[in-house]
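Over in TrEMBL, the protein carries these features:
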type     : residues : note
COMPBIAS : B:88-104 : compositional bias 'Basic residues'
DOMAIN   : B:19-57  : domain 'Anti-sigma-K factor RskA N-terminal'
REGION   : B:64-104 : region 'Disordered'
Amino acid sequence: MQHSEKASTRGRSPEELLRQTARGDASAFEALTRYFAPLVFGVALRVCEDRSLAEEVAQEAFLDIWRTAARYERDRGSAHAWIVTITHRRAVDQVRSERAHARRELHAKALLPMVDFDQVAEAVDEAGDRERLRTCLGVLSRLQRESIHLAFFDGLTHTQISVKLQVPLGTAKARLREGLGNLKSCMGVGEKAGGRA
Amino acid sequence: MTGERGVSAVESAEDEHALVGAYALNAVAGAERSEFERHLAGCPLCTADVPAFREVIAGLARSTATTPPDTLVDETVARARSVPQERARRRRLWSMPRRRAREG
């Protein structure tokens, strides 16, 4: 990935950039924004399905990050996870308020084909990580996989997921939790850092 | 793993924890979200799960990366100039920004 001279990360980790941003360092914030722009815009676009809406959501997410960078705690997880969560929450809040005005949207969206989970693994840079993610996605049950998919990529609530998959509400909740739990243990998340209270 | 159906009595006993996956995925909305956040504040089990689940989700999110519009970075940086930052303070859990109106 290429970055412009003036906003290069200069070898700084995203966590370091976030820490500098928290201290009001505008050039660190610019470098952080440039580094995460494809991911933040991509998440927003996947959920919103509209480029101009996605750009607005991405800008708002980055401004949230600028405003609240001091709340980020390294020992609670990676900068990636923090930023994805902020972006995704912005995006789902956006589409939920839109859908409240136009219920048809939800139905149209529900007919979209599922993203192939192979593409999800494909996008991971490092070959070892990619293989592992592919293997781990493979151990999920169909309901676990579909529930996670609908929640993350389509921004549905657990209530909407239970309707869409025609399962009881408790089942939808349980499959989301088990699916993430399976991925977590399969991928060894929380064993190196973070994940502890 | 248990079957895909036939949950009810057993599940309702641990209903509060059951939402942790949905919560990490931002799939809990409105009052239910705030209610779960109250549960989270006093539940070490869920407090450990949320950040771990979010790492998993961040891994899934990589597949969405897309070339952003040229204007995104410059406009964001320009807008940030007029946005004041929160100062560091004691916080609980894995704090997420809230809507500005809720800041107290």
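Each residue, glycine too, has its Cβ placed from N, Cα and C.
TrEMBL labels come from automatic prediction, so no person has curated them.
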Task: Secondary structure content of the domain 'Anti-sigma-K factor RskA N-terminal' (B:19-57), with strand meaning DSSP E or B - done: 31 helix, 0 strand, 8 coil
TODO: Let me know the model's mean pLDDT on the domain 'Anti-sigma-K factor RskA N-terminal' (B:19-57).
DONE: 95
